[in-house]
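Chemist: If you scroll down you'll find the structure; I have some questions about it.
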Amino acid sequence: MNGKLYHGACFYPELWDEDVLDEDIRMMERIGINVVRIGEFAWSRMEPEKGRIDVGFFADVIRKLRDNKIETVMCTPTATPPIWLTHGHPERMHVNEKGETMGHGSRQHACTNHPYFRERARLIIKHIAKEIGELPGLIGWQLDNEFKCHVAECICETCRTLWHKWLEDRYQTIDRLNEAWGTGVWSETYQCFEQVPQPGPTPFLHNSSLRTMYQLFSMDKISEFAREQAEVIRAYSDAPITHNSSVMFGVDHEDLFKSLDFASFDTYASQENSQAFLFNCDLWRNIKKGRPFWIMETSPSYSASLESYAAPHQNGYLKAEAVSSYALGGAAFCYWLWRQQRAGSEQPHGSVLSAWGEPDVGYENVLEAERARREVEHIMLATAPLQAETAVVYSDRAKVFLKTEPHRGLHYRTLITEFYDRLLKMGIHRDVILEGSPLDGYKLLFTPFIHYLPPAFIKKAEAFAQSGGIWIAGPLTGGRTEHHTIHTDCGLGPLEKCSGVKTLFTFPMDERNSSGTAFGVKAPLSLWSAVFEAGGTKAVGMIEKGPASGKAFITEHKCGKGKIVMLGSMPAGEAGDIMMKKLISHYAEEAGVEQKTDVTPGTVVAPRKGADGLVWVVINMDGKGGAVTLDGNGTDLLSGRPVTGRVTLGPHDYRVILLSENK
């Protein structure tokens, strides 16, 4: 998988006759598509009847693709179990939180924990891996397809049994569970693990501990399913393994990718939401650090299903997406899908070719993206992304806690993307990292919206501050235990103890007309907030209006050579945005953050390092054009011309600049 940038598409040869297949492959080669993904929905083609397995068709397709200089990522087809596995067997099906049993006719309809499903999954994967695993054209494997895309936690009888076993392994005794969960509330106390319900229908809300733990249980079982598939494949193939995921789905990415070889994700962000696209790149670059990520699916024009559709991309945006993904650490930029499907629930979806074989509306943009790939490939292969000095922690566990306790519709993905977007617009080069990621090389660390911070993370972040880093914790951070209960020793538990503050109380500030002042700016305060008595720490932000007037909402605590800054509330509105930018600028300067560029909003700078020095890849994402100011002189590597000062870009344009070491 080394030595090139990939430009690919998801391909469904099993849906078309041989003439169409041959023409598709010829056209792919002609326009520069050099990799395809196949097989993820083809279980019934591979095993039309129980035990009658034949994957020869796909082996032949891989050979034919290779003959045309196109490489293949092969998938396991477990997202779409065939009718013979599900018909007449409701016990094998996914059951949602309403207690509704899923039927055949879509995808992800079976329970992935059912032992018979697991048995048949292992068997079909073994056959695929044995026949295809050593083919020269095979360069990678994708497990399943978008775990938990359409379904959340399953509450079938199989999962009930596994849930009880999971709880017993975690808590050892039922008394420990009762104590940890506080089941004395509403007389929920259990006498044995078998009595603990799943989060099915109830008159009101479930216990927070039960709801959160069930989601974590579900995530653990999906990771187990992935490990099981990977073990089968590795017995017959050395090709690297991935899974195409998304931060939208109910999986623990840190755990899931421990057993996989490279990270890949699917994204359908619009130009108006390009910050979500860039957030993904900055996150997935760090999920398997040091290894390029893949965009396994994105639309060449627009996404659609029978029930909805998105607006087509503006001309030029696809090129900007492709270049930014390569510049930010990606090795592949792939479309869903090559040829429009003539049937099924996604038949309206945008594609490279229409169902009748003509170029679709995004076709010219695909050609433009390919020209860009060819133009920047040699530079990307000779350089690598520069680690940021600023890090934002992403946590799937935090996502779970906010799903259990969303207050008034809070959504973790929205909150964390908005927080990230502020750094992006300020021109600060940033990494989005996982809870378990090392903090070496960072100077400024943000941990927003993480209700529960594990002791190991707090110890690591405190050591980071001791050695000179600045850790900004909050808002909505540290206020819950690992069991999703409230601390009883102090408001923010271990975080409070290392930050030098005393939490007086926590309450929602959104509708209490609360406001505060910090860094010379007065702004409304929002979200469920923590109010501090500064004590021996420095009060940086004070509440001036509302029930907690006169108390602190931002504090600063000296910690070794660095600092721990507590952000107890979220400044809101236009004034809040100004306050947050001042806070970030202040602590970035104090931490010695140098990776900051003077770039217009809507344009991104991706710094890379190579043998010749520092390279900036500058891309306009918003289609309005933009500019970046160089600190000194540079060379435009695409034109060979010297550049200095203010460098402008047209709509969706990109520049690749080698910075001079002599300013």
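Each residue, glycine too, has its Cβ placed from N, Cα and C.
In case it helps, Swiss-Prot gives these features for our protein:
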BINDING   Arg107, Asn145, Glu346, Gln347, Pro348, His349  substrate binding site
BINDING   Cys111, Cys154, Cys156, Cys159  Zn(2+) binding site
ACT_SITE  Glu146  active site, proton donor
ACT_SITE  Glu297  active site, nucleophile
Chemist: With Cβ-Cβ distance below 8 Å and at least 6 positions apart along the chain, what are the contacts of Gln347 (substrate binding site)? List them in sequence order.
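Modeler: Those within reach of Gln347 (substrate binding site), by Cβ under 8 Å and sequence separation of 6 or more, are Leu306, Gln340, Gln341, Ala355.
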Chemist: Here's one to test understanding: among the recorded positions Cys111, Glu146, Cys154, whose C-alpha is closest in space to the C-alpha of Pro348 (substrate binding site)?
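Modeler: Checked the recorded positions Cys111, Glu146, Cys154; minimum Cα distance to Pro348 (substrate binding site) goes to Glu146.
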Chemist: Compile a sequence-ordered list of residues in the same chain as Cys111 (Zn(2+) binding site), six or more apart from it, whose Cβ lies below 8 A from its Cβ; state 'none' when nothing qualifies.
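Modeler: Looking at Cβ-Cβ distances below 8 Å from Cys111 (Zn(2+) binding site), excluding near sequence neighbours, one finds Arg92, Met93, His94, Val95, Phe117, Cys154, Cys156, Thr158, Cys159.
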Chemist: By Cβ count within 10 Å, point out the most packed of the binding-site residues listed: Cys154, Cys156, Cys159.
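Modeler: Highest number of other Cβ atoms within 10 Å: Cys154.
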Chemist: What count of other C-beta atoms do you get within 10 angstroms of the C-beta of Arg107 (substrate binding site), across all chains shown?
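Modeler: If we count other Cβ atoms within 10 Å of Arg107 (substrate binding site), we arrive at 18.
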Chemist: Quick check for the class: what is the C-alpha distance, in angstrom and rounded, between Asn145 (substrate binding site) and the residue listed as 'active site, nucleophile'?
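Modeler: One finds 11 Å between the Cα atoms of these residues.
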Chemist: If you draw a 10 Å sphere around the Cβ of Pro348 (substrate binding site), how many other Cβ atoms fall inside it, taking every protein chain shown into account?
Modeler: 16
Chemist: Can you give me the Cα-Cα distance between Arg107 (substrate binding site) and Glu297 (active site, nucleophile) in Å, rounded to a whole number?
Modeler: 17
Chemist: Other than Cys111, Cys154, Cys156, Cys159 themselves, what residues in this chain have Cβ atoms within 8 Å of the centroid of the Zn(2+) site's Cβ atoms?
Modeler: Met93, His94, Val95, Asn113, His114, Ile155, Glu157, Thr158, Arg160
Chemist: Roughly how many Å lie between the Cα atoms of Glu346 (substrate binding site) and Glu297 (active site, nucleophile), rounded to a whole value?
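Modeler: About 14 Å separates the two Cα atoms.
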Chemist: Across all the protein chains here, work out how many other Cβ atoms are within 10 Å of the Cβ of Glu346 (substrate binding site).
Modeler: 15
